[in-house]
Every structure is written in C-alpha cells, then in structure tokens.
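K.L.:
Have a look at this one.
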C-alpha cells in the first residue's frame, strides 16, 4: 500500500491520552476515532480498541517503548494521537520524546477519581513541557450521584492547579465504552470533547518560527572557497549573507557570515527547519569549528554547563547498566551531535539509581553546550546508551 501524501491544509496538532491504568485511555482513543469516522467519514477511519491496545514496539535511542499512533481530523484540525498503554511506557515516552505532545487529554474514571498514576502523569507532563491538559471524565454512565461527579471534578481541578495547569480547563463527561458501542448520547459527548480540544489546546509554535539553530555534524574545507559545515537545521530560517554565531563546546563563541547555502549539491538562497544543508562560512578555518557546536542567530541562544534533568535509566534488558550508579557518576551526555562528560549530583535522599528507574538529577558538564529547557539528551558510557533525559531547568 502506497503511503498517503500528507496534505498540509489544516493546522497539525500532536495530542495524547494520559491517566491512571484502567481508567479508559485506550477506550477513549478508540471512541474518538469511531465517533469522528461516523461524523466525518471522508476525513477519518475508526481504529478498533485491540489495534490500539496491541501497541507496536518502538525503539527510541535504544529504549523499547510500546506506543500506538492514530490520526484523526476535526473540521478545524488534523490530530496525531499517541496512546501509551503501560505506565512504564508512558514514562519512557514522555522523557525520551518518542512522541511529543502539544496537549493532552487526561482520562479520569468518575468511579475512582484521581489515582496515584493520574497525579504522576500530570507531574510528568509538567516536567516535560506539555503545554495544555483538558479532562475526559470517563465511565460517567456508571455514576448515578451528581455529587460524586462534582467531588471528582474538584479533585481533578486541584490536581491541575498543583502543577500550574489551567484550573478552569474543560472537564467533559464521557462514557468511552458506550460511545464505542454506538450510543448516540455518549457519542455526542465525544464530539464535545473534540470541540474542547479544538478550542483549548493552543496552536503549536512551528520550529520554523523560532530563531535559527543548526547543530554541526561535519566540517569540510573547499579549496579557494573556505570552510563548509553541514547539519540538519533544527529551528528557524537562514538566508545567504546572514550573520551567525558559532557557540558551545569551546570557551569562546565565534561570529561569522554565511556566504553560501547548499543542499543536494544545489545552491539555495535560504534554509529552514528540517533541511539538511551545508553552510559556507566567511573567514573561518577548519580548526576554528568542531562537531557538536551549533550555528545560531546571534544572541538567540546561550551555552550552559549546569542544568537539572529528568532521566530514564535503561534497564539491563534494554542494554543498559547491570549495576546501580551513585552520586558523582561521570558518564557522557550526548546532546544533538556530540558527547560531553558531566558529573551527576543525585537529589537529597537518593543514595543510588537502579537500571529501569527514572530520576531527577543535577549535572555539571566539563564543556558548555547550547541548551534550553526541553532539550533532550542521551547518557552514554563509551558507545553504549545507558539513559535518556531532557533538560528541565538551567542553572548556569
């Protein structure tokens, strides 16, 4: 079957279901696809519960994650939806960024109210920077008493407020199972949930709208022309004759001008996020730049050496360490295109970290790296990946 061409006519938003085990995340996902397929058959196809629940294994930086991707459209938007069935899968996905979310649907069973994993998922969503959460209060067909539902709503709002999410976020009453079975009343509630997503999850900021940033992967000298650096543009756009800074790894940053942009052996006037290209740099010698530095719009980014990060440590089965590590552990931190050694400080009260754990740690790097909150990294020992994480706070 040929891959369908991705039509870029509507805004594209990445979304996901989060919440406690057995509260109905996967059933909610299946119900959304069914109800939208019934409402807009030309735009959507229904995905059965089983096809979502048997999530295929994905490898992201050597970590195995079971995760399902479905897509659907409302009149306003195109959504890519991720559902991580297992609790461990959810944590791994959030930290490694196998699927990034622009917004999340927190599924809470009205029969139970918020449970420990509900709280943990919301905390993790905040840590990894999911911008918006709204709520699907599921299994409402099983609760007769309005007062119970009101109490659950209050608890959910408190939980959102604790993590600085919108306390006034929509809480839509649903019965995912009834909607899946074709019940008209509950089908309407799923449409209301999608309307709430359309109206409340903000449009994501596209990478092209951010200031220019390209990590250097390779460096060449072209006789008579100068030094060319190659890499994939991560953010923003760049035009020929723009000034740029080369930052990170070395103590001092360097300023230069881009005199040529090349892609697939063709000369271009500009490059934008997603492009693999070569940049010809004025007056720069080959030894002035190295892999792992980044080319940026002047003043837009700064290199740092100290940060806090949220980390998932690979289990032995995933090819990680066989033994725990302790305070002052010194692995390499792989940012974008290069490894930098760092010293780990564990949080107060944490003696050691076991393979398979997730942990918040402070890191001091021996060389500066251009970073901001949300930047992902791998932790390596030699060529072996032993962990994955993301920057949650910059210290220095």
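Here, residue 1 is simply the first one shown, and the rest follow in order.
Every residue gets a Cβ built from N, Cα and C, even glycine.
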K.L.:
Looking at 11-18, 19-26, 27-34, which one does Swiss-Prot call region 'G1'?
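P.N.:
Here Swiss-Prot associates region 'G1' with the stretch 19-26.
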K.L.:
Give the mean pLDDT for the region 'G3' (83-86) on the 0 to 100 scale.
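P.N.:
Averaging the confidence scores along the region 'G3' (83-86) gives 80.
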K.L.:
Highest Cβ count within 10 Å among the binding-site residues 25, 87: which residue is it?
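P.N.:
Result of the Cβ crowding comparison: 25.
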K.L.:
Under 8 Å between C-beta atoms and at least six residues away from its ends: which parts of the chain pack against the region 'G4' (138-141)?
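P.N.:
Same-chain residues near the region 'G4' (138-141) but 6 or more away: 23-24, 27-28, 107-111, 149, 173-178, 186.
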K.L.:
Between the binding-site residues 84, 140, whose Cβ has more other Cβ atoms within 10 Å than any of the rest?
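P.N.:
Buried the deepest by this measure is 84.
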K.L.:
Just to confirm: which same-chain residues, 6+ apart in sequence, have a Cβ under 8 Å from the Cβ of residue 22 (GTP binding site)?
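P.N.:
Counting only residues 6 or more apart in sequence, the Cβ neighbours of residue 22 (GTP binding site) under 8 Å are 109.
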K.L.:
Find the one among the binding-site residues 19, 84, 87, 140 whose C-alpha lies closest to that of residue 26 (Mg(2+) binding site).
P.N.:
84
